[in-house]
Amino acid sequence: MVHFTPEDKTNITSVWTKVDVEDVGGESLARLLVVYPWTQRFFDSFGNLSSASAVMGNPKVKAHGKKVLTSFGEGVKNMDNLKGTFAKLSELHCDKLHVDPENFRLLGNVLIIVLASRFGKEFTPEVQASWQKLVSGVSSALGHKYH
């Protein structure tokens, strides 16, 4: 379990309140699919993913990215109970979708890069460290049901 200090919680929520979930979620998922193309196999129904520009402009990628980041927001609200917050999603991704849990870590790292690019100097090393704790905790919670 990840322990969040009061400073961590402030660092995370101060950024989260300014995040455009649709925009950042869409970009984060799209970047994941471009940089780690093997992750595309989970998104066969999304249509054209044949090039970086196709992925970045794909409306289904953007919509699912929003859905993913909206769910991530539940983790922001429930930092002290990440395992419980993501229990059902962990089960879904493990038992039905068979997603490699390493992909959760990769997406978390991409999210941090997108946030850093959006927030610039406001995304200080301390803020980044707090966000690393959060994405690590969320990744661990999502991977919890795996055997």
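Glycine is treated like the rest: Cβ placed from N, Cα and C.
Taken from Swiss-Prot, the feature domain 'Globin' covers 3-147, and the record attributes it to sequence analysis.
Annotation comment: Swiss-Prot describes SER14 (among others) as phosphoserine. In the three-state DSSP assignment, the secondary structure recorded for SER14 (phosphoserine) is helix. Around SER14 (phosphoserine), the C-beta neighbours below 8 angstroms that are at least 6 residues distant in the chain are VAL127.
Annotated phosphoserine per Swiss-Prot: SER51 (among others), in sequence order. Sequence-distant neighbours of SER51 (phosphoserine) (same chain, 6+ apart, CB under 8 A from its CB) do not exist here.
Here Swiss-Prot flags HIS64, HIS93 as heme b binding site, drawing on sequence analysis. Neighbours of HIS64 (heme b binding site), defined as other CB atoms within 10 A of its CB across all chains, total 19. In the three-state DSSP reading, HIS64 (heme b binding site) counts as helix.
DSSP assigns SER51 (phosphoserine) to coil in the three-state reduction, outside any helix or strand.
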